[in-house]
Amino acid sequence: MRGGGLICALVVGALVAAVASAAPAAPAAPRASGGVAATVAANGGPASRPPPVPSPATTKARKRKTKKPPKRPEATPPPDANATVAAGHATLRAHLREIKVENADAQFYVCPPPTGATVVQFEQPRRCPTRPEGQNYTEGIAVVFKENIAPYKFKATMYYKDVTVSQVWFGHRYSQFMGIFEDRAPVPFEEVIDKINAKGVCRSTAKYVRNNMETTAFHRDDHETDMELKPAKVATRTSRGWHTTDLKYNPSRVEAFHRYGTTVNCIVEEVDARSVYPYDEFVLATGDFVYMSPFYGYREGSHTEHTSYAADRFKQVDGFYARDLTTKARATSPTTRNLLTTPKFTVAWDWVPKRPAVCTMTKWQEVDEMLRAEYGGSFRFSSDAISTTFTTNLTQYSLSRVDLGDCIGRDAREAIDRMFARKYNATHIKVGQPQYYLATGGFLIAYQPLLSNTLAELYVREYMREQDRKPRNATPAPLREAPSANASVERIKTTSSIEFARLQFTYNHIQRHVNDMLGRIAVAWCELQNHELTLWNEARKLNPNAIASATVGRRVSARMLGDVMAVSTCVPVAPDNVIVQNSMRVSSRPGTCYSRPLVSFRYEDQGPLIEGQLGENNELRLTRDALEPCTVGHRRYFIFGGGYVYFEEYAYSHQLSRADVTTVSTFIDLNITMLEDHEFVPLEVYTRHEIKDSGLLDYTEVQRRNQLHDLRFADIDTVIRADANAAMFAGLCAFFEGMGDLGRAVGKVVMGVVGGVVSAVSGVSSFMSNPFGALAVGLLVLAGLVAAFFAFRYVLQLQRNPMKALYPLTTKELKTSDPGGVGGEGEEGAEGGGFDEAKLAEAREMIRYMALVSAMERTEHKARKKGTSALLSSKVTNMVLRKRNKARYSPLHNEDEAGDEDEL
C-alpha cells in the first residue's frame with residue numbers, strides 16, 4: 001500500500017515539476033513518502049487545505065503497534081495531468097489528517113509582536129544562604145548519672161529464742177508425738193548487752209508476751225541458768241550464727257502417760273538488711289520486715305525519720321563495742337548501736353546518718369568525648385562512643401533540687417579529673433566548673449567544657465586587646481545573679497530503656513548528614529543561578545522570545561527595548577487548525593527560499609484561514625519574512641506538533657516522532673555523598689543484676705535461709721529411740737545433780753555401775769533372745785541344778801556326821817585300821833593305842849569355847865548396831881562369862897614335846 005502511495009506521489013511530483021518549468025515562479029513539488037504537505041499553487045498560494053500533522057502522543061503507540069492501512073488498488077495511469085494532480089492532492093490531505101489525529105495533543109501558539117505595554121527585567125543576583133548547622137558547638141567530657149534503684153544494704157544482728165513445747169505419749173517400745181508447739185521470742189535489751197555481748201552466754205528462759213499475757217518458758221523444764229553460745233554448724237557466705245543447743249528436749253519416759261518437754265534455743269544471727277527509697281522501712285534476709293527507718297535514732301535530727309513502734313521498744317546505745325562470739329574478741333572502735341524489739345525478735349544494727357550514706361543517683365557512663373550543640377531552644381549532647389544523643393534545656397539543673405544527691409557532685413568531679421588527667425592534660429584546659437543538665441528520660445549529665453591550648457591563647461590575646469581598647473575609668477558591668485534554685489526537692493526518675501536516646505542519636509546523625517547535603521545543594525544551586533543569570537542576560541539579546549518564555553513559565557513573545565524586554569502573551573491554536581505546506585521556495589523570487597516552513601491556521605474551527613510561517617517550538621508567526629538563499633543539499637528538521645517534519649531540497653519529505661531522534665541530555669548528574677555506615681553497640685541502663693537486686697526482698701535468699709535454718713541450729717542426725725531405762729537414768733542423774741559437786745562425783749560412779757548392770761542385763765536379754773544363747777543358758781541351768789543337788793547332799797551329811805564330812809580321809813583310815821588294837825588286851829592296850837579320855841574331854845571343852853566365842857561375837861555385832869548402851873551391856877556380859885568359866889584343866893607336861901624333839 002505504501003508502495004502505491006509512493007508511486008502516486010512521484011507522479012504528482014513530476015507533474016508539478018512540469019508546471020513549474022512552464023511557470024518559473026511556481027515552487028518545486030516535494031517528494032511525498034510517508035507524510036506529505038499540502039500542494040501549493042503555481043502562483044505560490046495553497047491549492048487546497050492540507051491534512052493535519054499527527055500529534056506526538058500517538059507516535060509511540062504507532063511504533064509499538066504498527067497498524068497496516070487498508071490495501072488500496074494500484075493507481076492507473078491518469079487520463080490527463082489535471083486528474084492526476086487532483087488525485088495526489090487528495091492522498092496528501094488524507095495522510096496529513098491521519099498525522100494530525102495521532103498528534104492531536106500538540107499545541108501551537110500565535111505570538112503577536114510586543115508593543116512595549118508590558119516590560120520586564122531580570123532579578124539581580126541573590127545572596128546565597130548558608131548551610132543550617134548547630135550553633136555553639138562545644139567539646140568536653142561528661143559523666144552521665146541515672147536513678148539509683150539499688151537498695152541500701154547494711155548488716156544487722158537478730159536475737160531471738162526458739163521455744164518448742166512437745167507432747168509425747170510413750171509406749172513400751174515406741175513413742176508418739178501428740179503435738180508440737182513452736183514460737184519465737186525476742187531477747188530483752190539487758191540480756192543482749194549484759195549477757196550475750198559481754199559474756200557470750202544466754203539465759204535458758206524465754207519471757208515474752210502472747211495474747212497480751214506474759215509467759216515464761218524454761219529450757220528442759222528446769223530452773224534458769226546461763227548457756228554458752230556456740231557457732232552454728234553451717235555458715236553462709238554472707239552471715240554467721242550462734243546458738244545454745246542442738247537437740248530438742250524430750251520429756252522423761254513414763255509408759256502409758258502423756259508428757260510435755262520444753263526446749264529454749266537462744267539464737268544470734270548476722271543477716272543482711274536492705275531498704276529502698278524513701279527508706280521508711282527495711283527487711284531482713286530472713287524475710288522479716290521492720291517498719292522503722294534504718295536511719296532512725298536520737299542523734300543529728302534523725303528522730304524525724306519514720307517509725308511505727310512505741311518508744312520503749314527502741315534503744316540507742318552510744319559507745320557500743322561489739323564482740324565476736326566465736327573468737328570472743330572485742331571490737332577496737334566504738335559504734336552507735338540501734339536496738340529494736342518486736343514481738344518475734346530483737347534486731348540490732350549500727351546507726352549512720354542518712355545524708356552521706358545513701359544517694360538517689362548513681363554514675364552510669366563516663367564519656368571522654370562529648371559534643372554539645374545548640375539546636376533551637378535545646379542542647380544536644382552526642383557521643384559516638386556510646387552512640388547516644390541526650391536532649392536537655394539550655395538552663396542548668398541545680399543539684400540542690402535532687403533529693404539525697406550529695407554524691408553527684410563528688411563522683412562527677414572525681415571522674416572528670418581522672419579522665420582529664422588521662423587524656424587531655426597536655427592538650428586542653430578546663431573551662432569553668434562542671435555544668436549539670438537534666439536530659440530527657442531522667443538522665444543527669446555533668447558536663448565539663450574543654451578548650452584546646454591554641455584557642456585558649458587566641459582568646460586570651462583577644463581579651464587583652466579588648467581590655468586595652470576600653471577606657472581606663474570604665475566601670476565593670478555588674479554580674480548577673482544566677483537564678484535561684486527551687487527550694488523544693490525532687491527525685492529524678494530514670495527510664496529503664498535507652499532506645500529513645502539511641503533513636504535520637506540516629507535521627508541527629510541522619511539529620512546532620514541530610515542537612516549538610518541539602519545545605520551544599522542549596523548553596524550550589526544559588527551560586528549556579530547567579531552564574532546562569534549572566535548567561536540569561538546575554539541570551540535574551542539573541543532570542544528574547546525563548547528567554548522570556550522560559551523565565552515567565554508560559555509562551556510569550558518578547559523583544560528588547562534597551563535594557564528591558566517588552567512581552568506579549570501568545571494565543572494557543574489547536575493542532576487540528578494548523579496546516580503545513582509542502583514547499584519552502586518563494587515562487588515569485590527564484591533563488592530565494594523560506595528558512596522555515598509555511599503554514600496556514602485558524603484560531604477557531606470555522607474561522608478564516610490565516611497564512612503564516614512556522615516558528616521555533618511550535619510558534620506560528622503571522623509574517624513570512626524568514627527568508628534565505630536557496631542552497632543545494634538542503635535538509636532540515638522542524639518541530640511540528642508532537643514530532644518533526646523533514647524537508648529535503650526545500651520540499652516536504654516525511655514526518656517522524658521525537659523518539660526517532662537521539663536525545664542528548666544537557667543535565668549534569670548530581671553526585672550526592674551516601675550516608676556512612678554506623679554500627680550500634682548494646683547499651684543497658686540497668687543490668688540484669690541491678691534489676692534483680694532492686695527489690696526490697698530477695699526471695700531466693702529468704703527461701704534459702706528458711707530451709708537452712710534447721711541445718712544450722714539443730715542436730716538432725718542424732719536419733720533418740722524409745723528406752724524403758726531412760727526414766728531411771730534421768731531420775732538418778734537428777735538426784736545426784738541436786739547433791740552438789742560431791743553428789744555429781746558419786747553419781748558418775750553409781751551411774752557407771754548402774755549402766756554396767758543395765759548393759760549386762762541388756763546383753764543377757766539379747767543373748768537369750770538368740771536360739772543358741774537359749775540352748776547354752778538351758779545347759780547352764782541344768783548344770784546348776786546338778787551342782788545344787790550335790791551341795792544339798794553334802795549339807796545333810798555334814799549335819800549327820802560332821803567329822804566324816806569335814807575329815808573324810810581320817811574317818812576312812814579309822815575304819816580300815818585293826819579293830820583289836822583299839823582298847824584290847826588289858827592295860828597294854830590302854831597304854832598303847834586306846835582312846836585318851838583326857839584328850840576327849842579337852843576336845844569337848846575346845847568345842848564348847850568355840851561356840852562361846854561365836855556367840856560373843858554375834859552379841860557384840862548386834863550391840864554395835866543398836867548403840868552404845870547395848871555395846872556396854874555386851875562388854876559386861878563377856879566379863880562375867882570369862883570369870884565364871886575358869887579353866888578346869890591342868891597344864892600338860894612337856895614330855896611329848898621333848899620326845900618329839902629327840903625323834904627329830
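Note: Cβ is positioned from N, Cα and C throughout, glycine not excepted.
As given in Swiss-Prot:
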- 60-70: compositional bias 'Basic residues' (COMPBIAS)
- CYS111-CYS570: disulfide bond (DISULFID)
- CYS128-CYS526: disulfide bond (DISULFID)
- CYS202-CYS266: disulfide bond (DISULFID)
- CYS359-CYS407: disulfide bond (DISULFID)
- CYS593-CYS630: disulfide bond (DISULFID)
- ASN82: N-linked glycosylation site (CARBOHYD)
- ASN136: N-linked glycosylation site (CARBOHYD)
- ASN393: N-linked glycosylation site (CARBOHYD)
- ASN425: N-linked glycosylation site (CARBOHYD)
- ASN486: N-linked glycosylation site (CARBOHYD)
- ASN671: N-linked glycosylation site (CARBOHYD)
- 40-83: region 'Disordered' (REGION)
- 467-490: region 'Disordered' (REGION)
- 816-835: region 'Disordered' (REGION)
- 883-904: region 'Disordered' (REGION)
- 849-852: motif 'Golgi targeting' (MOTIF)
- 889-892: motif 'Internalization motif' (MOTIF)
- 1-22: signal peptide (SIGNAL)
- 23-771: topological domain 'Virion surface' (TOPO_DOM)
- 793-904: topological domain 'Intravirion' (TOPO_DOM)
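Candidate disulfide-bonded residues: CYS128, CYS359, CYS630. Fewest other C-beta atoms within 10 angstroms, CYS128. Neighbours of CYS266 (disulfide bond), defined as other CB atoms within 10 A of its CB across all chains, total 28. The DSSP breakdown of the motif 'Golgi targeting' (849-852) into helical (H, G, I), extended (E, B) and coil residues amounts to 4 helix, 0 strand, 0 coil. CYS407 (disulfide bond) carries a helical DSSP state (H, G or I). The most densely surrounded of the disulfide-bonded residues CYS202, CYS526, CYS570, judged by C-beta neighbours within 10 angstroms, is CYS202.
The secondary structure of ASN393 (N-linked glycosylation site), as reduced to three states from DSSP, is extended strand.
Within the same chain, residues at least six positions away from CYS407 (disulfide bond) with a Cβ under 8 Å of its Cβ are CYS359, MET361, THR362. Each residue contributes its Cα atom, and for CYS111 (disulfide bond) and CYS266 (disulfide bond) those atoms are 117 Å apart. The average pLDDT for the topological domain 'Intravirion' (793-904) in the predicted structure is 63.
Of the recorded residues, CYS128 (disulfide bond) and CYS630 (disulfide bond) place their C-alpha atoms 51 Å from one another. In this structure, the C-alpha atom of CYS266 (disulfide bond) lies 61 angstrom from that of ASN425 (N-linked glycosylation site). Each residue contributes its Cα atom, and for CYS202 (disulfide bond) and CYS570 (disulfide bond) those atoms are 118 Å apart. Secondary structure at CYS593 (disulfide bond), taken from DSSP and collapsed to helix, strand or coil, is strand.
For ASN393 (N-linked glycosylation site), the nearest of the recorded positions ASN425, CYS526, CYS570, CYS593, CYS630 in terms of C-alpha separation is ASN425.
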